[in-house]
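Q: Not my notes, these are from TrEMBL:
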- 1-99: region 'Disordered' (REGION)
- 77-92: compositional bias 'Polar residues' (COMPBIAS)
- 200-234: repeat 'PPR' (REPEAT)
- 235-269: repeat 'PPR' (REPEAT)
- 270-300: repeat 'PPR' (REPEAT)
- 325-359: repeat 'PPR' (REPEAT)
- 361-395: repeat 'PPR' (REPEAT)
- 396-430: repeat 'PPR' (REPEAT)
- 543-627: domain 'Smr' (DOMAIN)
Amino acid sequence: MSSHFITSPSPSPSPSSHLHPLSNPSQISPSLFFQWRPKPSQQHPLKFTPKQVSLQDPPPQSTPKSQEPNDPHEKTQSSFKNSIWVNPRSPNASRLLSRSSDSRYASLSRLAASLDAQTDVSGVLASLGHNPSEQDLILVINNMANPEAAVNVLRWCQENLELQREVILYNVTLKVLRKCKYWEKVESLLNDMIRSVRPDNVTFSTVISCARQCNLPEKAIEWFERMPEFGIDSDDITYSAMIDAYGRSGKVDMALGLYDRARKERWRLDPVTFSTLIRIYGMSGNFDGALNVYEEMKATYGRARYAEDALSVYREMVQKGLELNVVLYNTLLAMCADLGYVDQALEIFAQMKGSDKVKPDSWTYSSLITIYSCSGEVSKAEGVLKQMVEAGFQPNIFVLTSLIQCYGKASRTNDVVRTFEWLLELGITPDDRFCGCLLNVLTQTPKEDLAKVIQCIERSNSMVGTLVRRLSEGDTFEGMFKQEADDLFKNVSREVKKAYCNCLIDLCVNLDQLERACQLLELGLELKIYTGIQSKSSTRWSLNLRSLSLGAALTALHVWMNDLSKAVENGEELPPLLGINTGHGKHKYTEKGLSSVFESHLKEMDAPFHGAPDQPGWFLTTKVAAKSWLESRSPPNLVAA
């Protein structure tokens, strides 16, 4: 897991957002947590009250009609995703699985495939029984590929059933026709629909997007302009598509008018729409306008990290011969640095260097150094630094922070100290973010070198330095550790609090000071540095670890397991399902995500939590399995690292 320090706005993109000041998972031993448990007199009084629930619990099986989603695909899929996980080791697993929603979904998908090959669908649909549910039929049509057969199924439903959600059946049929780009049939079915059934926003969105896919912008405009007849307001997605449609049909004023609205209301535009806008400006020779569009693209995609979309528009601009300035190049490089897109960054940098009108500046070199530093490629980072200095640019605090992070990862503590001294010689004052980077390095530093890094921290921020030195020396704090940590968090900027707390917990774990790790976690909850770690409902109790470093995640897991044990001891009823959410993503620069670390750790503990195949990053168990395992755990002794 990693976290990003957020920078303040600056004229050029600041690479400080590329820093990842959280611990290296390899430095923490997960087994420590289940080799230690406080003595009865030392039981830690952590209490977790879920004041802010961040996890969505499965909805009740019957949903009020007014609350049903309009999108039929969303509706059919959601009903199957909210199923209870079945333990594959259970003797009843095969029977339960045969009756599960997953099995039902697979069966209906097979039925859809068989209907695709039929001209007379009535015989196949008879297998659904005398009065099949609309929900099943919606799902069947949604999974079909043959447009003629899909329409036949719709007609069969209209002739044989009393329909409550006919508009949804029409919508999923239109989607099948759209997949096949069968415009004539789409328009015919829509005309048939509006004679008896009121269309909704999904209907028009489907029709307009089909016209767009079939390169029929005039048809998209025709149906878009008819939406008010049915009292329907367009959503952002439809408006965005219409920018492209108006632009392709030559109605430039309408396209640019919608584009102005998109900018004000911050719609997300897709690459095709951006390309159309760039084409509009290019045809008129307004290259400044094209560059302004690209500026908007970088805000929409670059900062929001829609990387592939941003790179797609960039490449199209290059192909069309449009000139990019240094700010645009740097924005793309900063985005690549954030996401670890090394090859793409090198491609952009090479094209930038090949330009006669654009030259790299300090921010350009800074992004490249960040990319190599976060990847642990020390020699390449040093090589770019050399180029930067030779080009006449002095390294700034972001460059030096990246280098320190890189040296810390490589366990080159002396180079960390040397770079810190260089920063001071350049007259740069360490800020909270820089100190956070040193804290992160400290969590990765061998014990014999801790004092060297601590000295740097003390010179950057005396309050942080004093706290970590006392931790490293095993100071008792005379019972005031939590208060001193509280004072620290109240004296650092808001955007670094979570990173500091993560790093300090990791350090406590590395130093076998697990009680202090629990105190820091408790303090983080009290100060709302962490929120929504534990949540409870009648159907599921969950542990959410997505925003935590490995040490903090293990600490939270330890506390949760103790809470569950207490609940069982007190006779409290567990819910049907218990889950741990680690998130399934991993940063491009890290070898492992939190999910993979926890998967092996849970196996090591012989805990009955198993990865949910349809919910990446979730580890689930039933209350029966959880209760049996919790009751079988014996209190282990405290063991040194």
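Going from the start of the chain as shown, residues are counted 1 onward.
Using N, Cα and C of the backbone, Cβ positions are placed for all residues, glycine too.
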Q: In the predicted model, what is the mean pLDDT computed over the repeat 'PPR' (270-300)?
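A: Across the residues of the repeat 'PPR' (270-300) the model's pLDDT averages 64 on the 0 to 100 scale.
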Q: Report the DSSP secondary-structure composition of the repeat 'PPR' (235-269) as helix, strand and coil residue counts.
A: 27 helix, 0 strand, 8 coil
Q: Taking DSSP states H, G and I as helix and E and B as strand, how many residues of the repeat 'PPR' (396-430) are helix, strand and coil?
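A: Grouping H, G, I as helix and E, B as strand yields 26 helix, 0 strand, 9 coil.
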